[in-house]
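Peer 1: Below are the structure tokens for one structure; questions will follow.
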Ligand SMILES: N[C@@H](Cc1ccccc1)C(=O)O
């Protein structure tokens, strides 16, 4: 009788081996069939799909002692060492000296919980009831090996206690076994012949004409291939590249600059007063190094801060300190880069942007990290106006896929007027995304810039969270492998 099954030679081989072995582990099966374990198991799974074999998986739960658990298994639990080491009420202070402060600390909590002692005014008073607990019995049974709950004779509560105290860890052992089914036995009994099957045709076979006599392995289009996780850009990097592309497409030049900046470029050139709260230690990473101040601008900036220079501005008043201005900081915004670029390129037109990292002393939480990216940009030209600024930002957000954009009035020491752009996101409402404005003359005049400058500094990670649907910013930097695998390869 011709078998009605379409099976490969590997499957036949495994089936025949199984018929002889009955039930076998993957290793035994592979040995008998003379195959690699993976090949034998692949065949076994195919046989299982056809109802000719069965693959069983059993999981046994095991527990193993941790280093701490092993230590206590041989020396005794801290509470046991303490209760046996004292003969009557003992002050905590003495316990810390008799044992280590660590052992004394762990022990007292457990002595009280187990009812072996009471703590009265800092004195440990034994109750006289220190019988061997189930945890101690279980600990003694490990004997350096992985054990099942049965071997430990331990109930779920005792095991949970050992896990909670980090004295033991849970392990799972998976065992597979393969057996032949009644249908499989029937097929073997009907006599199957192992024929060589060809899975891949070679040019030799074609040239010699040998292919005509060969038996080819049927192609199974129903088997699922293993997922392939192709190499791809990090989703955050992909968005950063997209933002960069948008500004390049709009005719902007990208600028790069140092992470370490003098306070002069980070704050003073931007007309931030020297006693501005943003400069405080708790907000800014200050470095112990200093930078030389640019001779051509320093006096102008000083005059502007102190009394407004030769403009009608009053400045901030007081004395401007060179010593404060030379102190280096990790740039708190990328505006330090664009202002310096403008000072070096005062001739219009200028359209420049930077997408790079900035640093602030933030407490890490789902929406704050001390390092984050900003998308900074400036446009300087003869007749630039506030309306051009709003148009430019709107265009950028539209290209990023946000239809509704609006601007709220804002405040920055270096711009007037100032705005905070917001985009509308379904389910979240209006989300604020950074700052923008037209540079004040207090900023442009000392640097010799004669034309209006539109400027903005946008939050990149916030935008990325919205685009990637994340609730926690930290995910962008943690690169969880499952998240990376699930993320799209390219923009849809
Ligand atoms: N530097 C501002 C953003 C900004 C840049 C340029 C002009 C106005 C505002 C910030 O970090 O929040």
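Here, residue 1 is simply the first one shown, and the rest follow in order.
Any Cβ shown, glycine's included, is placed from N, Cα and C.
Annotation source TrEMBL lists domain 'Aminoacyl-transfer RNA synthetases class-II family profile' at 236-478. Look at TrEMBL and you will find 335, 374, 375, 376, 414, 439 tagged as L-phenylalanine binding site. The Mg(2+) binding site annotation in TrEMBL covers 416.
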Peer 1: What average pLDDT does the predicted model assign to the domain 'Aminoacyl-transfer RNA synthetases class-II family profile' (236-478)?
Peer 2: 95
Peer 1: So which of 335, 375, 416, 439, listed as binding-site residues, have a Cβ under 6 Å from an atom of ligand 1?
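Peer 2: Once distances to ligand 1 are taken from each Cβ, 335 fall under 6 Å.
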Peer 1: Quiz question: given the binding-site residues 376, 416, which has the greatest number of C-beta atoms lying within 10 angstroms of its own C-beta?
Peer 2: 376
Peer 1: What's the CA-CA gap between residue 439 (L-phenylalanine binding site) and residue 416 (Mg(2+) binding site) in angstrom, rounded?
Peer 2: 6
Peer 1: Let me spell it out: for each of the binding-site residues (335, 374), count the other Cβ atoms within 10 Å of that residue's Cβ, using every protein chain shown. Which one has the most?
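Peer 2: Top count of Cβ atoms within 10 Å goes to 335.
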Peer 1: May I ask for the distance between residue 335 (L-phenylalanine binding site) and residue 416 (Mg(2+) binding site), taken between their Cα atoms and rounded to an integer number of Å?
Peer 2: 15
Peer 1: Neighbour count first, Cβ atoms within 10 Å, every protein chain included; then name which of 414, 439 tops the list of binding-site residues.
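Peer 2: Highest number of other Cβ atoms within 10 Å: 439.
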Peer 1: According to DSSP, does residue 376 (L-phenylalanine binding site) sit in a helix, a strand, or coil?
Peer 2: strand
Peer 1: How big is the Cα-to-Cα gap, in Å, between residue 376 (L-phenylalanine binding site) and residue 416 (Mg(2+) binding site)?
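Peer 2: That separation, Cα to Cα, works out to 17 Å.
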Peer 1: Kindly assign residue 414 (L-phenylalanine binding site) to one of the three DSSP-derived states: helix, strand or coil.
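Peer 2: Coil, per DSSP.
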